[in-house]
Amino acid sequence: MSQHQSLVRSTSLPGAILLGLGSIIGTGAFVSVGFGVELAGNWIIWAILLAALVATCNGLSSAQLAAIHPVSGGTYEYGYEFLTHDLGFTAGWLFVLAKSASAATAALAVGFAITGWFGGPVWLTQLIGGVVLLALTLLVLGGLRRSNQANAVLVGLAILGLLIFIGYSFSLPAPDQLQLPIPKGEPGGLLAAAALLFVAYTGYGRIATMGEEVQNPRHVIPRAIVVTMLVVTLVYLAIGWALLQYPAFTRSEDFVLANLIEAGHGAGVTRWLVTLAALIAMCGVILNLLLGVSRVILAMARRNDLPRGLALLNPARTSAPAAVWLTFAVMMVLVAIGDLRLAWSFSAFTVLIYYSITNLAALRILPAQRFVPRWISVLGLLSCLGLAVFVDLTVVITGVALMFIGLVWHRTRYSPV
């Protein structure tokens, strides 16, 4: 067996936390909480807490796996190590699809945030999203260290913008009665909202895919996941409560928080600041998803699940250019579709199935190696499969079809390495 090139271990605990926050605090904070409000109505806080519970179970399973098998690739590698070839490949395939859809949502949201100031057709939103995606792809090609430094700035400015939005929302006159719609289907609306909000937490998976790049992964990865989850839950609860001050959303651009702020009555500066923060945050998400997806493509190419040329690293061993460009191409296809809600729903279904495989792999860890109780992984597995049922049926059918296509590809290509 030939030895593969290894990536430089350049990321410490603070860097891993910042990468996790950068992967989460973006589209999740500035867009997806609005999707949750549309489905859960006045029950949005409960939907956030439910999503946080499910995500915490999955995060602990991911931390358990990453601590004992610290390599780039996340559940793709865990599936091969602890489960079967088919489940390992399926995990990698689902990761690429899910995270590409999340990145496409973020890119489209950037377009809506910009056109929200002056209006414009959907094609302009798509064009803006594509240009942003290309620019960030070039940044990723500069290497992880450069991207990590940029990410630290993006996260800080994004959190500042969210605090401004929350403060502005709480300063609004309290409505006589909540104007949000009744939750759709009672518990069904709550569970559908939790399914979409779960995606907004899954940036911790970005940390788990960095096993080959993190210093002392057994120590850093679990702690980075826990700290990231605590911070994000508090932020989402504040945003969810703030959104109860606004009427129901009627347009796609309404889901971008900055567009909810009226420019009049002295709020023009506030809207400008929140818009800038939204742009920064979503660029941070795209940046980290480009890194995460390209790392999984790198791992798949090393195992010959994808063409081996995608596994070639640059001379500094900080990135895999061919894998990064393929990541860009997949994301651009989804941006071209141009449907904000559809992209996020597709990400929700595929990522829920992906983390079902994560929990299944965690259940195979030997008791002597385990520091997370088995019941947490069982709860994570059942909750992921349960929430997946409440995603839009068209999305579910499409996702299952793509999983089948991927498995056909794998069966025709697979050869032991």
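Note that the numbers count up from 1, one per residue, in the order the chain is shown.
Including glycine, each Cβ sits where the backbone N, Cα and C put it.
If you check TrEMBL, you get these features:
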TRANSMEM  12-37  transmembrane segment
DOMAIN    16-401  domain 'Amino acid permease/ SLC12A'
TRANSMEM  43-68  transmembrane segment
TRANSMEM  89-117  transmembrane segment
TRANSMEM  123-144  transmembrane segment
TRANSMEM  151-170  transmembrane segment
TRANSMEM  190-208  transmembrane segment
TRANSMEM  220-244  transmembrane segment
TRANSMEM  272-298  transmembrane segment
TRANSMEM  319-337  transmembrane segment
TRANSMEM  343-366  transmembrane segment
TRANSMEM  378-409  transmembrane segment
Mean of pLDDT values spanning the domain 'Amino acid permease/ SLC12A' (16-401): 82
Proximity of the transmembrane segment (190-208) to the transmembrane segment (12-37), 3+ C-beta pairs under 8 angstroms: yes
Recorded stretches the transmembrane segment (151-170) and the transmembrane segment (319-337) touching, at least 3 CB pairs under 8 Å: no
Residues from the same chain, set at least six apart from the ends of the transmembrane segment (123-144), whose C-beta lies under 8 A from its own: 7-8, 10-11, 103-104, 107-108, 110-112, 114-115, 150, 213, 283, 286-287, 290-291, 294, 314, 316, 318-319, 321, 324-325, 327-328, 331-332, 335-336, 338
Leading contact stretch, 43-68, 319-337, 343-366 vs the transmembrane segment (89-117) - CB distance under 8 Å: 343-366
Within-chain partners of the transmembrane segment (378-409) [C-beta distance under 8 Å, separation at least 6 from its ends]: 53-54, 57-58, 60-61, 86, 89-90, 93-94, 97, 188, 191-192, 194-196, 198, 342, 345-346, 348-350, 352-353, 355-356, 358-360, 362-363
Tertiary contacts of the transmembrane segment (43-68), as residues 6+ beyond its ends and Cβ separation under 8 Å: 33, 36-37, 74-75, 78, 82, 180, 183, 189-191, 193-195, 197-198, 200-202, 204-205, 207-208, 211, 217-218, 221-222, 225-226, 229, 233, 236-237, 240-241, 243-244, 355, 358-359, 361-362, 365, 369-372, 376-377, 379-380, 383-384, 387
Within-chain partners of the transmembrane segment (12-37) [C-beta distance under 8 Å, separation at least 6 from its ends]: 44, 47-48, 51, 102, 105-106, 109, 113, 148, 151-152, 154-155, 158-159, 162, 180, 193-194, 196-197, 199-207, 210, 214-215, 219-221, 223-225, 227-228, 231-232, 235-236, 239-240, 243-244, 249, 254-258, 277-278, 281-289, 291-292, 340-341, 344
Intrachain neighbours beyond the transmembrane segment (220-244), with Cβ under 8 angstroms and 6 or more residues off its ends: 11-13, 16-17, 20-21, 24-25, 28-29, 33-34, 36-37, 42, 44-45, 47-49, 52, 55-56, 59-60, 62-64, 66-67, 70, 159, 162, 165-166, 169-170, 178, 180, 197, 200-201, 203-204, 207-208, 210-211, 214, 257
